[in-house]
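Record features, source TrEMBL:
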- Gly61, Glu62, Ser63, Gly64, Ala65, Gly66, Lys67, Thr68: ATP binding site (BINDING)
- 1-146: domain 'Myosin motor' (DOMAIN)
Amino acid sequence: PGIILIAINPYKPLPIYEEEVIQAYSGRELGDMDPHIFALAEEAFRQMVRFGKNQSLIISGESGAGKTVSAKYAMRFFTTVGGCWGDSSMEEKVLGSIPLMETFGNAKTTRNDNSSRFGKYLEIGFIQENVTGATIKTFLLEKSRV
């Protein structure tokens, strides 16, 4: 069991994801500030650096809940706090591939006109505290929706 954050998609831009907010959460203990995707990213980042062990952030929810956006915010946190190893455009390269992934594998369901049939697994590589790259893998969620 781990920490759970329930986030709601406001369907409009909010000023709670700016670089100043990233800096505010960077280096802070979990629970010192309000619940936020940056708080979870900081905790995972700190545990990875401190103990040298892989960490996972599982982002789940229904279509339109903001899963892809939450993943983007976590990636932005890691690249801002830890930096990128040798390539400052790493975040843009990884996140730039997400819209392409989103266009494939979607299906119409009774609850949603554009529901994804595939889950996405984003693995971010680090050397020390620097992001070195990422891979995105897709996996089939429901065979009945193929």
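Every residue gets a Cβ built from N, Cα and C, even glycine.
Automated prediction, rather than curation, is the source of TrEMBL annotations.
Everything TrEMBL records as a feature, shown here on the structure.
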residue	record	CB count, 10 Å
Gly61	ATP binding site	13
Glu62	ATP binding site	11
Ser63	ATP binding site	13
Gly64	ATP binding site	11
Ala65	ATP binding site	14
Gly66	ATP binding site	18
Lys67	ATP binding site	18
Thr68	ATP binding site	17
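Mean per-residue pLDDT, taken over the domain 'Myosin motor' (1-146), amounts to 79.
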